[in-house]
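Student: Sharing a structure with you now.
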Amino acid sequence: MIKKTSSILIIFVIIFSFLQLVSSAMAKSDTPPLLIEIHVTGDTNFIVYKVPRQMYDGSANALEKELVSSQKLHVDRSRVEYSASFTTITLFMKDLYEKEGKNLILHVSPKDITSPFHAKQPVQVTLFTNKMIDWRTEEGKNLNEIGFRPVFSLLSERKDEFIGDINSFRNMGILTLKGNINENEVVLKTLIYILLTIISMVVTTWMGTLLRKHVRTNHVIPANVRSVSQKYQIPALLLVALQLGYVIMTGLFLGYEIFLGGIGGVLLAFGPFVISAFFMIVYFIYLQQRIIKEIENGELAKEDNTPVSEIWSMLVPLVVPIVITILVNIVIYFIPVNIAKFDSMVTNIITSYMVQICIITVAYISAPYIYNLLLPKRKLKERELLDRINLLSAKHGIHFNNIYVQSSKNIRIANAMVSGYIHKNLYLYDYLVENLKNQELEAVILHEIAHIKRKHLVKLLGVTCVTLITFQAILYFHPIFGWTSIPLYLIVLLLVSSFYMRRYELEADRFAAFHMGDTNGMISALLTLSRLNYTSTSVKGPIKYFKTHPSIDVRVRHLQQLHGQFPKCKLAHYFRIPFSNYFGRILK
């Protein structure tokens, strides 16, 4: 039995070795083709060479210089990458195409593109353009008639491929391709895009109506309204995602860019998507608050008496950061790498990053002023209370430029927050102040002081800048993403910033508990906030990674682990005042 098994293994090894030798011989006999990709994608245009190692004898840098010098068109910059089988050289072209009215003129010289290589070497040339462009030669021939074949692509890009040897590619002569934008197709796809936006908003409203009916029929308690609401948001969310997929896959952006220019193209391409997304978010937040209020009053009222100022105060903290982030990243997208036009590419990249960081910094510093300008609030003028808040903040070396009170009783939002990099402001919601006990409110204020004391706002600015630089460094080697990198970056930024913001919240909780001498006040405040805001204490599923705050359960467990680890702090005695009674008296 052993001999039989050994014989089988030996035969298997011999057969396997033979097959390996045959495959190796075939691999050596077949020369892999030279891969050339010509990308005409609108704002970013480049030629990519993927050169097999056995196709050239000299250094990659020498080949790069030869390729750059062989181009009659202006090469803006170039780059070399290495892999096991290929050397990839990318040439970024400044005048690869030109605009003629609403059409494109593409100049391609096969001889110039392939001049460093031998005529008999195999080549595969792929032209990446846009699906809405119909390319024709000066003689009126389409790409299929001159040797290219179409390749299926799921995204907005159009792929046309030529396979042969370099000599046959050169025999095409100088190609002058005219790209005609199908205006009727642009208009039709735009109308469909707008129709999707309208349908998304209608479905959002319809889902809201069904939610109200479900709450009325099933007698849903206020604490469960938000969790039930999430199920009714799914159809609207899918339609919003469909809009984004539609604009990415149809190639509308390039059509808009040609008609309106780069920034106009981005705004029109993403405008309807952003509108429907904002409408869905704002509508459901407002509807949840109204349903909760109606349940508390014992009826589902037909009229809403919520002050407009409270609704606006609910929207501003949500809308302002998102709008500023989107606009800043659109501006950053159009900043060229060689903005300073230095001879050194490294210097150009560093300068470009510095300019982008400056833009982000200015936006972050300006955001609190914009936020403060738009937010309905009033200054807390009562001297005694101001003195006591300032006393606690002064003990930690913090000075609030202003302390504001926001009305939120009708929309049932209990919250507190700080803003400002230079001038720090503290915002207290009256619904929070009137319903928290003294110890709970002290914990909340200490929590907000911690955000400034631990420089969380500054750190978040740093996280944003590092994320941008890292993301661009990665996409620098994948320029094919082009303008689609904008929504991709925003998703990455949301995930990264949310991760750090959750950590900062836990750190602020620890700070408050430490300076109160125990964890009871902070834990009690968190549970009360959950009750007042009718939010679930736990968050399940992938959505938790997009949350800026950990769930109440996570925060409470984190504090419980710290119980008894620090002594009673003297600072805890500086703020023993009747908050609820005092605020209730001055805000009535």
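Quick reminder: no glycine exception, Cβ is built from N, Cα and C everywhere.
Curation plays no part in TrEMBL annotations; they are all automatic predictions.
The following feature annotations were taken from TrEMBL:
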type	residues	note
TRANSMEM	191-211	transmembrane segment
TRANSMEM	232-256	transmembrane segment
TRANSMEM	262-286	transmembrane segment
TRANSMEM	311-333	transmembrane segment
TRANSMEM	353-374	transmembrane segment
DOMAIN	381-561	domain 'Peptidase M48'
TRANSMEM	457-477	transmembrane segment
TRANSMEM	483-501	transmembrane segment
Student: Is the transmembrane segment (311-333) packed against any residues at least 6 beyond its ends, judged by a Cβ distance under 8 Å, and which are they?
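Tutor: Residues 263, 266-267, 270, 274, 278, 281-282, 285-286, 289, 356, 359-360, 363, 366-367, 370-371, 374-377, 406-408, 411, 413, 417, 468, 483, 485-486, 489-490, 493 contact the transmembrane segment (311-333) from elsewhere in the chain.
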Student: Taking a Cβ cut-off under 8 Å, which residues six or more beyond the ends of the transmembrane segment (353-374) line up next to it in the same chain?
Tutor: 312, 316-317, 320-321, 324, 328, 331-332, 335, 339, 419-423, 425, 457, 461, 464-465, 468-469, 472
Student: Does the chain bring the transmembrane segment (191-211) near the transmembrane segment (457-477), so that three or more CB pairs sit under 8 Å (pairs 6 or more apart in sequence)?
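Tutor: Output no: the transmembrane segment (191-211) is apart from the transmembrane segment (457-477).
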Student: Within the domain 'Peptidase M48' (381-561) only, compute the mean pLDDT.
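Tutor: Within the domain 'Peptidase M48' (381-561), the model's average pLDDT equals 86.
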Student: If I count Cβ-Cβ pairs under 8 A between the transmembrane segment (232-256) and each of 262-286, 457-477, 483-501, which range comes out on top?
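Tutor: It is 262-286 that shares the most Cβ pairs under 8 Å with the transmembrane segment (232-256).
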Student: So if I exclude everything within five residues of the ends of the transmembrane segment (483-501), which remaining residues of that chain have a CB under 8 angstroms from its CBs? That is, six or more out.
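Tutor: Result: 41-43, 155, 244, 248, 253, 265-266, 269-270, 325-326, 329-330, 333, 456, 459-460, 463-464, 467-468, 471, 475, 545-549.
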Student: Report, as numbers and ranges, which residues of the same chain sit near the transmembrane segment (262-286): CB under 8 Å and 6 or more residues beyond its ends.
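Tutor: Here the qualifying positions are 42-43, 193-194, 196-197, 200-201, 204-205, 208, 229, 232-233, 236-237, 239-240, 243-244, 247, 252-256, 311, 314-315, 318-319, 322, 326, 330-331, 333-334, 411, 483, 486-487.
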